[in-house]
């Protein structure tokens with residue numbers, strides 16, 4: 001009997017551990033409460049963050065944590081500077097990425113970004129890759145241009161219409177409102193013309209040539225030809241790379257001289273710097289800019305490589 005009464009004291013130690021865990025001490029409970037409270041505070045803070053749709057690398061707006069937001073963007077900018085060397089891409093200083101909270105507030109809804117996904121990211125990577133062949137470069141550029149043009153068409157007005165199907169049924173749909181045209185800023189803007197024609201076969205396209213004056217180094221208009229009724233049309237202005245924004249600003253001024261209002265101009269671009277986008281919006285607050293990426297390093301080699309003159 002004595003040996004049987006002693007058995008409970010000689011049970012394996014892991015049973016005693018389970019028993020101690022099932023009856024936590026008051027100090028342990030207080031520690032768990034502190035962890036849960038901390039997690040709830042973090043969740044509440046995260047609930048105040050708003051991401052632009054599809055852009056994990058883009059704007060992060062916070063009601064109370066803007067310094068943290070901006071520090072993240074500065075890290076991204078430093079990383080990009082270390083990964084791009086030489087004059088292949090031209091950095092434009094003065095601003096960080098679009099993720100900079102203050103820049104996002106300044107530009108606002110007039111700057112529209114394509115929803116980011118791996119397909120677009122790969123196309124951007126190939127276009128920026130110094131070792132990419134011209135064939136791969138053009139193929140990727142044309143694909144990205146097509147995506148930008150398709151999204152640009154979504155910004156144009158539609159109207160409801162009724163059609164009859166081959167089986168005799170009525171179908172309520174939509175169609176473009178008349179009065180749209182494209183304008184390419186030569187010469188890199190001409191790379192986007194085919195993408196627009198692939199989507200709108202009969203659209204009219206004008207051209208404008210702007211270059212820097214050799215003496216004054218200021219943007220100067222050398223050639224401009226538009227549809228005669230452009231003042232009554234909505235304009236898709238095509239220019240793939242926004243670096244300083246000066247060329248686009250000059251082009252918009254010419255369009256205004258021909259009776260076009262900035263509010264009906266949609267600028268289609270592949271890449272933009274923060275400085276370029278902000279300069280255009282500050283000059284013309286009503287214009288709409290559509291691009292795939294806002295980054296301080298602009299691939300200014302685009303036109304030369306696309307047309308084989310690099």
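The backbone N, Cα and C atoms fix where each Cβ goes, glycine too.
Residue-level annotations in Swiss-Prot identify, among 25, 66, 25 as phosphoserine. Site annotation for GTP in Swiss-Prot covers 134, 143, 177, 178, 179, 180, 204, and the matching candidate from 218, 233 is 233.
Record note: among 62-89, 90-117, 62-89 is the stretch given as region 'Disordered' by Swiss-Prot. According to DSSP, residue 180 (GTP binding site) sits within a strand segment. Local packing around the binding-site residues 143, 178, 204, 233, 300 was summarised as the count of other Cβ atoms within 10 Å of each Cβ; on this measure the leading residue is 233.
When secondary structure is read from DSSP and collapsed to three states, residue 242 (5-phospho-alpha-D-ribose 1-diphosphate binding site) falls in the strand class. Rounded to a whole number, the distance between the Cα atoms of residue 302 (uracil binding site) and residue 134 (GTP binding site) is 11 Å. Among the binding-site residues 143, 204, 302, the ones whose Cα sits within 10 Å of the Cα of residue 240 (5-phospho-alpha-D-ribose 1-diphosphate binding site) are 302. Across the structure, residue 178 (GTP binding site) and residue 187 (5-phospho-alpha-D-ribose 1-diphosphate binding site) are spaced 27 Å apart at their Cα atoms.
Spacing of residue 244 (5-phospho-alpha-D-ribose 1-diphosphate binding site) relative to residue 177 (GTP binding site) is 33 Å (Cα to Cα, whole number).
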